[in-house]
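Q: Below you'll find the structure I mean.
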Amino acid sequence: MLRAPGSDAPPTLSVRIAAAAGAACLADMITFPLDTAKVRLQIQGEGQGQPPRAPRYRGVLGTVATLARTEGLQKLYSGLPAGLQRQVGFASLRIGLYDSVREWLSPGQGAAASLGSRISAGVMTGGAAVFIGQPTEVVKVRLQAQSHLHGRKPRYTGTYNAYRIIATTEGLTGLWKGTTPNLMRNVIINCTELVTYDLMKEALVKNHLLADDLPCHFLSALVAGFCTTVLSSPVDVVKTRFVNSVPEQYTSVPNCAMTMLTKEGPLAFFKGFVPSFLRLGSWNVIMFVCFEQLKRELMKSGRTVDCAT
């Protein structure tokens, strides 16, 4: 990515990691209700040997309103602690390391990065982040998906209770359940999100359409969010279904995908598309805008400290 405006030196690795973690956590806190709505829409219609029922949730705003009315406003933020834990370890790596890995893969010092090196950087940083952050993803999805309606006893009472119960009843491997679809999803997301943002921002600045500032960051992030949602939705739905499933409901990730296809049709793979885009689009805008600003401010702070000493 291009260096922050007004900066003579590119952001250091520690600045990029800290800025990525902070920006991702802020974006998560603001958009989390949309993510919860997306999860509920994705698991709707998931049969467990029961006759089909009329949909409870209709559309993203309807889902948010239904959850707030029937389960309380706090339900919209169920799983947020795990979500923030996830971003600290996950986003800081996949976003914070992207520039460094891309530069390492580029042919020479100061040479323009090729599309291949950008994609490879997205694959490597996204894949590494998934293995580290998967337990937090499992807990987040489980807490978002569970309902307290109709006298159902919740599977988990809180974030750390969920970690303990999953590890106890399903083994440590239960905390890495769904790693394969999540790896596929996040490789797609990381490549599309970061590479699209990188290329869009570079094109806008180099062609003098926009300066490297807020409007450029906003537009680049919005385009990246839409492209990412289109490509990642099918894998995201399968990942959510598989991670949330009870033991032995699906024998494997392909079995989960085939069950969805045969019972619900191909459109099931795009369930929750609108909330996914609203969430990813808004998440991208908030995260990238904050990421750029945090990098700039952290570099300024570092230079101020250096001058003072």
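We number each residue from 1, going along the chain as drawn.
Any Cβ shown, glycine's included, is placed from N, Cα and C.
Copied straight from Swiss-Prot:
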BINDING   Arg58, Lys271  fatty acid 16:0 binding site
MOD_RES   Cys256  cysteine sulfenic acid (-SOH)
REPEAT    11-104  repeat 'Solcar 1'
REPEAT    113-203  repeat 'Solcar 2'
REPEAT    212-297  repeat 'Solcar 3'
TOPO_DOM  1-10  topological domain 'Mitochondrial intermembrane'
TOPO_DOM  33-75  topological domain 'Mitochondrial matrix'
TOPO_DOM  99-118  topological domain 'Mitochondrial intermembrane'
TOPO_DOM  136-180  topological domain 'Mitochondrial matrix'
TOPO_DOM  198-214  topological domain 'Mitochondrial intermembrane'
TOPO_DOM  235-268  topological domain 'Mitochondrial matrix'
TOPO_DOM  292-309  topological domain 'Mitochondrial intermembrane'
TRANSMEM  11-32  transmembrane segment
TRANSMEM  76-98  transmembrane segment
TRANSMEM  119-135  transmembrane segment
TRANSMEM  181-197  transmembrane segment
TRANSMEM  215-234  transmembrane segment
TRANSMEM  269-291  transmembrane segment
Q: Could you pull the average pLDDT for the repeat 'Solcar 1' (11-104)?
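A: Mean pLDDT for the repeat 'Solcar 1' (11-104): 84.
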Q: Could you measure between Lys271 (fatty acid 16:0 binding site) and the residue listed as 'cysteine sulfenic acid (-SOH)' for me? Cα positions, answer in whole angstrom.
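A: Distance (Cα to Cα, whole Å): 15 Å.
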Q: Using DSSP, would you call Lys271 (fatty acid 16:0 binding site) helix, strand or coil?
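A: Its secondary structure by DSSP: coil.
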Q: I'd like to know which of the recorded positions Cys256, Lys271 has the most other Cβ atoms within 10 Å of its Cβ.
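A: Compared across Cys256, Lys271, the most Cβ atoms within 10 Å surround Lys271.
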Q: At a Cβ cut-off of 8 Å, and with pairs 6 or more apart in sequence only, do we get at least 3 pairs between the transmembrane segment (181-197) and the transmembrane segment (11-32), yes or no?
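A: No; fewer than 3 Cβ pairs under 8 Å.
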Q: Under DSSP, the topological domain 'Mitochondrial matrix' (136-180) has how many residues in helix, strand and coil?
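A: Summed by class, the stretch gives 32 helix, 0 strand, 13 coil.
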Q: Counting only residues 6+ away from its ends, which parts of the chain sit with a Cβ under 8 Å from the topological domain 'Mitochondrial matrix' (136-180)?
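A: Same-chain contacts beyond the flanks: 35-36, 39-40, 43, 70-71, 75, 78-79, 81-83, 85-86, 89-90, 130, 239-240, 242-244, 247, 253.
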Q: Looking only at residues six or more beyond either end of the topological domain 'Mitochondrial matrix' (235-268), which have a C-beta under 8 A from one in the stretch?
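A: For the topological domain 'Mitochondrial matrix' (235-268), the sequence-distant neighbours (Cβ-Cβ under 8 Å, at least 6 residues beyond its ends) are 39, 42-43, 45-48, 137-138, 141-142, 145, 170, 177-178, 180-182, 184-185, 188, 276.
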